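One structure below.
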There are 2 protein chains.
Amino acid sequence: MAEQTTFTIAVVGATGAVGQKIVQLLEERDMPIGELKLLSSKRSAGKKVRFKNEELTVEEAAPESFENVDIALFSAGGSISKKLAPEAVERGAVVVDNTSAYRLDDQVPLVVPEVNEDDLQSHNGIIANPNCSTIQMVAILKPIQEAFGLNRVIVSTYQAVSGSGNEACDELEEQTRQYMNGDEMTADQLPVKGDEKHFPIAFNALPQIDSFQENGYTFEEMKMIHESKKILHDQKLAIAATCVRLPIFTSHAESVYAEVENNDLTVNDIQDELERANGVVVEDDPTTQTYPTPLSAEGKEDVFAGRIRKDLDNDYGFHFWIVSDNLIKGAALNTIQIAERLIHNKWL
Amino acid sequence: MAEQTTFTIAVVGATGAVGQKIVQLLEERDMPIGELKLLSSKRSAGKKVRFKNEELTVEEAAPESFENVDIALFSAGGSISKKLAPEAVERGAVVVDNTSAYRLDDQVPLVVPEVNEDDLQSHNGIIANPNCSTIQMVAILKPIQEAFGLNRVIVSTYQAVSGSGNEACDELEEQTRQYMNGDEMTADQLPVKGDEKHFPIAFNALPQIDSFQENGYTFEEMKMIHESKKILHDQKLAIAATCVRLPIFTSHAESVYAEVENNDLTVNDIQDELERANGVVVEDDPTTQTYPTPLSAEGKEDVFAGRIRKDLDNDYGFHFWIVSDNLIKGAALNTIQIAERLIHNKWL
């Protein structure tokens with residue numbers, strides 16, 4: 001039997017913030033796509049999207065949509081994934097799911113290719129793409145864990161509104177206009193569309209991303225904790241997270257404190273290790289004010305690390321400031337990279 | 001000799017972001033002011049300022065300006081304080097200095113009245129007002145230290161541009177307009193006016209507040225570390241800080257991790273202790289999305305604490321989200337409160 005050389009790819013949620021970015025990146029990359037199917041909710045069906053000089057029509061996603069699909073990239077929300085991903089798998093597709101629906105399922109690998117590509121081999125039709133804030137953190141923690149051991153992580157995030165979708169971006173824009181015009185700001189999207197209270201994000205900071213859990217942490221914080229342990233293969237790793245939404249359109253930043261198992265390391269040792277890591281770029285020189293920011297990382301594919309400092313009291317501790325475009329490596333790019341590695345390794 | 005019942009107060013830097021707030025708060029409070037002298041640089045001299053139905057003219061600050069002044073409130077930058085505070089003291093005034101010029105001087109008490117009022121007694125003419133980001137943090141750490149012991153603090157800040165002065169606020173406003181109009185953003189104030197590079201703050205986050213020190217930490221980060229140890233009377237306290245400037249006009253927020261000496265505390269124990277503390281308001285109920293934000297704290301006098309959670313791995317560790325108006329408790333109010341306590345205790 002001849003080797004398969006082109007693949008039918010479906011994008012579910014093609015008109016959302018992440019779905020649009022997936023289509024854009026698929027156009028830029030050289031994945032061997034035979035056919036691209038764009039799927040969405042009924043509301044967005046019928047929309048036209050340009051892809052490589054063709055005009056594609058977005059179709060309403062249904063179980064039958066996945067006939068003859070090789071890889072289905074889902075980013076239309078957890079409930080759509082729960083309903084349609086099994087239908088896609090039943091019809092022979094491999095699903096890369098960008099929602100939280102399957103991330104902690106023992107049967108589903110949770111993968112950042114630079115970190116745990118081998119986990120892809122054990123898939124049963126579904127592979128989960130981690131949360132945006134998790135991806136960029138494990139990208140820097142993995143090389144450190146491998147080289148120096150890793151015992152403990154405390155992270156405070158600085159997250160962009162695009163992580164909450166296009167409507168949250170529109171809200172930030174509208175509130176910014178209202179504030180600048182001296183009008184009262186109106187809010188109905190953030191912190192969580194479905195929650196009771198909404199607060200303005202413009203010129204503000206909201207210490208709530210996703211809903212609160214019974215233990216007082218938000219779901220976003222628990223996602224970072226559980227997903228990092230799974231991806232780093234260390235359920236005993238101590239991790240704490242505080243997740244904060246900010247008036248930034250694109251790129252998440254994180255202030256990360258990490259304790260290694262080695263108490264005689266220098267900042268240079270850490271920088272050298274991160275410079276060797278795939279997908280990580282070190283931008284770190286205080287003497288020239290060199291460090292990443294959300295705007296400097298926007299539109300780029302890497303995870304940027306700067307402000308690397310040794311803790312002043314704990315010889316095992318280091319502080320980092322890491323930034324990455326939450327829609328690219330944090331979502332669309334990592335999803336596509338998973339598909340690319342599946343194809344490359346013949347693990348479909 | 002009759003007891004002194006009214007006092008001559010001088011405000012140095014009366015036209016700056018903090019100076020304006022000091023004048024506004026002096027008008028609202030019932031400090032027994034006999035005469036108010038407003039002083040500034042040559043550039044701002046001659047400006048008129050309303051105070052309690054009088055129109056006061058701002059004068060250029062000079063050594064002779066402090067003749068007959070009882071209390072001089074300085075917030076015109078470190079170099080002005082270094083030059084003129086000793087002149088004021090020589091003429092019999094007590095100086096409350098809102099710059100970093102004297103904060104770590106062993107001869108100068110560094111005071112947040114709710115935290116270490118008694119330190120005022122040892123002054124030699126100058127009392128230092130701590131950095132804005134320090135004040136709100138020690139306000140919550142002190143009651144915890146007293147009740148439960150305190151070993152370790154890791155803080156990541158979310159700081160407003162007004163901490164960098166009126167021109168930084170103007171820059172955020174101008175950049176916001178430029179961005180919304182699709183124009184390129186121009187920057188010449190932040191992160192540090194005197195540094196070589198400037199970056200836009202609008203829709204961005206800058207992990208640099210004040211200049212870099214030789215150890216890779218910024219001066220702002222080292223201020224938080226050194227000042228907190230001095231105010232909390234514990235040079236052995238382990239503290240690390242990462243300070244970040246955000247597109248927020250007013251109020252600093254901080255994600256604080258603190259380790260106590262007691263491993264069987266609950267979140268309720270911490271909340272109860274903070275609720276008893278002067279100047280601290282607990283706004284903390286995940287079930288009703290109750291937590292402070294920069295906008296909710298703006299214009300208020302207290303330090304607000306929310307998102308109090310026990311660490312999931314360390315029984316000694318707790319996480320906090322604290323917010324306070326950086327121009328009020330973080331600067332002008334604390335300065336005035338120091339003066340009020342000096343008068344009340346007859347410690348002038």
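Glycine too: its Cβ is placed from the backbone N, Cα and C atoms.
What TrEMBL lists as active site, acyl-thioester intermediate is B:CYS132. The active site, proton acceptor annotation in TrEMBL covers B:HIS252. Per TrEMBL, NADP(+) binding site is recorded for B:THR15, B:GLY16, B:ALA17, B:VAL18, B:ARG43, B:SER44, B:SER162, B:GLY163, B:ASN326. Sequence annotations record features per position, and here TrEMBL assigns phosphate binding site to B:ARG103. The substrate binding site annotation in TrEMBL covers B:GLN159, B:ARG245. For B:8-123, the entry in TrEMBL reads domain 'Semialdehyde dehydrogenase NAD-binding'.
Mean pLDDT for the domain 'Semialdehyde dehydrogenase NAD-binding' (B:8-123) in the predicted structure: 96.
When every Cα pair among B:THR15, B:GLY16, B:ALA17, B:VAL18, B:ARG43, B:SER44, B:SER162, B:GLY163, B:ASN326 is compared, the largest distance found for this NADP(+) site is 25 Å. In space, B:ASN326 is the closest of the binding-site residues B:THR15, B:ALA17, B:ASN326 to B:ARG245 (substrate binding site), judged by Cα positions.
Among the recorded positions B:ARG103, B:CYS132, B:GLN159, the residue whose Cα lies closest in space to that of B:ALA17 (NADP(+) binding site) is B:CYS132.
Counting every protein chain shown, the Cβ of B:CYS132 (active site, acyl-thioester intermediate) has 29 other Cβ atoms within 10 Å.
In the three-state DSSP scheme, B:SER162 (NADP(+) binding site) is classed as helix.
Note on B:GLN159 (substrate binding site): other Cβ atoms within 10 Å of its Cβ, all shown chains, come to 26. Between the C-alpha atoms of B:ARG103 (phosphate binding site) and B:CYS132 (active site, acyl-thioester intermediate), the distance comes to 12 Å. Of all the Cβ atoms in the protein chains shown, 25 others lie within 10 Å of the Cβ of B:SER162 (NADP(+) binding site). B:ALA17 (NADP(+) binding site) falls within a helix when secondary structure is assigned with DSSP.
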